[in-house]
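What TrEMBL says about this protein:
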DISULFID  Cys4-Cys31  disulfide bond
DOMAIN    4-118  domain 'CUB'
DOMAIN    136-251  domain 'CUB'
DISULFID  Cys256-Cys268  disulfide bond
DISULFID  Cys263-Cys281  disulfide bond
DISULFID  Cys275-Cys290  disulfide bond
TRANSMEM  309-327  transmembrane segment
Amino acid sequence: PTQCDNWVRTSNGGHFASPNYPNMYPPNQECIYILEAAPRQRIELTFDEPYYIEPSFECRFDHLEVRDGPFGFSPLINRYCGLKSPALIRSTGRFMWIKFTSDEELEGKGFQAKYSFIPDPDFTYLGGILNPIPDCQFELSGADGIVRSSQVEQEGKTKPGQAVDCIWTIKATPNAKIYLRFLDYQMEHSNECKRNFVAVYDGSSSIENLKAKFCSTVANDVTLQTGTGVVRMWADEGSRLSRFRMLFTSFVDPPCSGNTYFCHSNMCINNSLVCNGIQNCAYPWDENHCREKKKNGLFEQITKTHGTIIGITSGIVLVLLIISILVQVKQPRKKVMACKTAFNKTGFQEVFDPPHYELFSLRDKEISADLADLSEELENYQKMRRPSTASRCIHDHHCGSQTSNIKQSRTNVSSMELPFHNDFAQPQPMK
């Protein structure tokens, strides 16, 4: 923050004054003083005479603003102006934030203040746990960067279960302004601004520099008119799941110089931010048509270099696959038909033909009676086979053209004659 004129610090306190005190202070001034006491101490502030700050209703013009804490958004103690010096001011903690502001006309002598440290009356026990204001502050600068709430837990700025009250101070490049765009935003208890919110300040953390405050379900982009931005996040003990992630980009107003890029939205950003994979402009002009500026990946290089070889190989594999399918389709299949199977004469004759008898030469007259019995049995067998001939013919009619062969074999069987001689000469073999 801007410090005007002399500011004396000692171990027991110090003093500061408006510019040119006790002479007239200059117009258009903004001076900020942050007082810090040691742990277990508080601050007392008194004003000397003479004292004169331009009087106005509610001190809207020249005024002195005092807050109970280290930030411009800390609780307001009061605003002071006029002819009478303020009474004794005492803090409730170990910090005090003071700002002196003057407009463009009607100046006065100003003020001189003295501050001192006193013991904290609330700290009455020995061996107690000291609870100073947590040092949860971060600083970022450059052409662009990321402001993220996860940094609080990663760097151990607060303990689990404690409230989060952290600020990020952003410094743009020289003579530049700041553009903020939310990449991620979630409030655990939306629309409950006393429990959690994200506030953006333009220039300093003073309450009058509050640019935007988000506590609902949506957070919009913010364009600051200065090169300094302050982002504050507040979340109570029951809202620790609230989070945000914000991109800041330094930009200058057109016309754009040689090392800047025109965003088509009254913004000129650094050329190093073009085609970096991040949308730094309000509209994605800086990331459009960036293909030729990016290095080709491995897949693109392989495709460009060996595209022809890959295409030919793929075509050959496809043709071979089609040919193999056609061969499988055209291959003849075995057909099985019950009635058109090859006729097995041997098996058929074994079933229906009479058994073959072979007559051996018999020299003994005593077995002549046995031969006569055998001839009689053969004649009886032929008589029994004649009734079954009709049924087999019906079966042959249904099963194919083998009937003629079967009939011929039956005729041979029926017309077969067995020569028999009662004498004991050698008989001819029977078929």
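Using the three backbone atoms N, Cα and C, a Cβ is placed for every residue, glycine included.
Structure coloured by features recorded in TrEMBL.
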residue : record         : contacts (Cβ under 8 Å, 6+ apart)
Cys4    : disulfide bond : Ser18, Pro19, Gln29, Glu30, Cys31, Phe100
Cys256  : disulfide bond : Phe262, Cys268
Cys263  : disulfide bond : Phe251, Ile269, Asn280, Cys281, Ala282, Tyr283, Trp285, Asp286
Cys290  : disulfide bond : Val274, Cys275
- Message: Within a 10 Å radius of its Cβ, which of these disulfide-bonded residues (Cys31, Cys268, Cys275, Cys281) has the fewest neighbouring Cβ atoms?
- Response: Cys275
